[in-house]
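Annotated features in TrEMBL:
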ACT_SITE  179  active site, nucleophile
ACT_SITE  353  active site, charge relay system
ACT_SITE  384  active site, charge relay system
DOMAIN    46-102  domain 'Partial AB-hydrolase lipase'
SIGNAL    1-24  signal peptide
C-alpha cells in the first residue's frame with residue numbers, strides 16, 4: 001500500500017472520526033446492502049445509452065505512441081441534428097470523460113450540449129481509465145507513466161482535436177476544459193501555436209494554472225518537497241498516482257452504499273484534495289462517482305502541479321538544475337508563454353475553490369490577452385469539484401457556458 005494512500009486515509013479518519021464511533025455497529029449491517037444501478041461499472045457508452053443517447057468510442061494514436069480513447073455523442077435525444085458544430089470537452093486530474101455525463105440527461109454538460117445541437121467529443125488523457133495503452137510500453141512499466149500534463153498538452157490534445165475535426169470535416173471547434181483540461185489547453189496554446197486557428201473559443205472551468213494561493217491541505221503539505229525527488233517518490237510512488245484496486249477502491253466498496261450511515265466518509269476520501277460542498281453533492285451519486293474516480297494519473301502530473309504551487313509560476317517540468325540545463329539550457333524551467341495565446345477565452349471560477357483560488361484565477365485573467373468573459377459562480381460555497389458534480393451545475397455554470405457558445409457562433413456567422 002502506498003504511503004500517500006495511508007496518509008490520505010489517516011486524514012479522512014481524522015476528519016470523520018467523531019462520526020464513526022456511534023455509527024460503527026449500523027455500518028456492519030448496511031454495508032451488505034447493494035444497489036446494482038448505483039454500483040454499475042458501465043463505461044461511457046453504456047451509461048450514455050442508458051439515458052437514451054447514441055455514443056461512439058474511437059481510438060487515437062499520439063505522435064509518441066499512446067493509444068487514447070475518444071468518446072462522442074453525435075446528437076441529442078430530442079435534437080437529432082448537430083448543426084452547431086463540434087464541442088470538445090477535456091476532463092480534470094484523476095477524472096475521465098464519464099464525469100461529463102454523470103449528472104444525467106437533465107444536468108450533465110455533455111448531454112445538454114448534444115440537445116443544443118452540438119456534436120460533442122470528449123477526450124481521455126493518457127493514463128486514465130480509458131487511455132491506458134501504448135504501442136510498445138506496458139501500463140505497469142515506469143516508461144508508460146513518464147509524463148506530466150505537459151505531454152497531454154503537446155501530444156494528446158493535438159491528436160484528439162485533429163481526429164475530431166477530420167471525422168466531422170470541420171476546420172475548427174469549441175473547447176471546454178475543466179481544471180487540468182484547462183492546464184493542458186494552455187500548454188498546447190503555448191507550445192503548439194498552429195492549433196490556435198483550430199479553436200474558435202476556449203472556456204475554462206476552474207482553471208488549474210497559477211496555484212501559489214491554493215488552500216488544499218494535501219497539496220500545500222506536499223509542495224515544499226518538490227525538489228526532494230527521492231522523498232517525494234517515497235510518498236507518492238514513481239508511476240501511477242493512487243492506482244485503482246487498492247485503498248480507495250476498498251474504501252469505496254466498504255462505505256459508499258446508498259444506505260450507509262457514514263456516507264460523509266466517502267465524501268472526504270473523494271474531496272480531500274479539492275474541497276467538499278455538502279450542499280451541492282448528491283449523496284446518491286457517490287457510489288457511481290467513485291466507481292469511475294479516481295480514473296488514473298501519473299505521479300509526475302501531481303509533481304508538476306506541486307512545482308507550480310511552490311514557485312507561483314506556470315512553467316515547464318522542473319527536472320532539477322543538471323537535467324534542466326540539458327533540456328532547457330537553463331537551471332530552471334521556462335514559463336509557458338500564455339500571454340501569446342489569442343483564442344477568445346472565457347473563465348469560470350468558484351469563490352470557494354480551495355484548489356484554484358480566486359487570487360490565482362485573477363492572475364491568469366491578467367496574463368491572457370483575449371479574455372472575453374470571466375464569471376464567478378453565483379454561489380458562495382461553490383468549489384472545485386462542483387463544476388462536474390454539483391446538483392445545480394446546470395443553473396450555476398452550464399447555462400452560461402452554452403450561452404457563450406451561442407454568442408460566439410452568432411458572432412462568427414455575422415463576421
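Glycine too: its Cβ is placed from the backbone N, Cα and C atoms.
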Number of helical, extended and coil residues in the domain 'Partial AB-hydrolase lipase' (46-102), per DSSP:
9 helix, 19 strand, 29 coil
Residue 384 (active site, charge relay system): tally of other CB atoms within 10 A of its CB:
29
Rounded to a whole number, how many Å is the Cα of residue 179 (active site, nucleophile) away from the Cα of residue 384 (active site, charge relay system)?
8
Integer Cα-Cα distance in angstrom, residue 353 (active site, charge relay system) to residue 384 (active site, charge relay system):
5
Other CB atoms, at most 10 A from the CB of the residue listed as 'active site, nucleophile':
28
Counting across all protein chains present, how many other Cβ atoms fall within 10 Å of the Cβ of residue 353 (active site, charge relay system)?
29
On the 0 to 100 pLDDT scale, where does the domain 'Partial AB-hydrolase lipase' (46-102) sit on average?
94
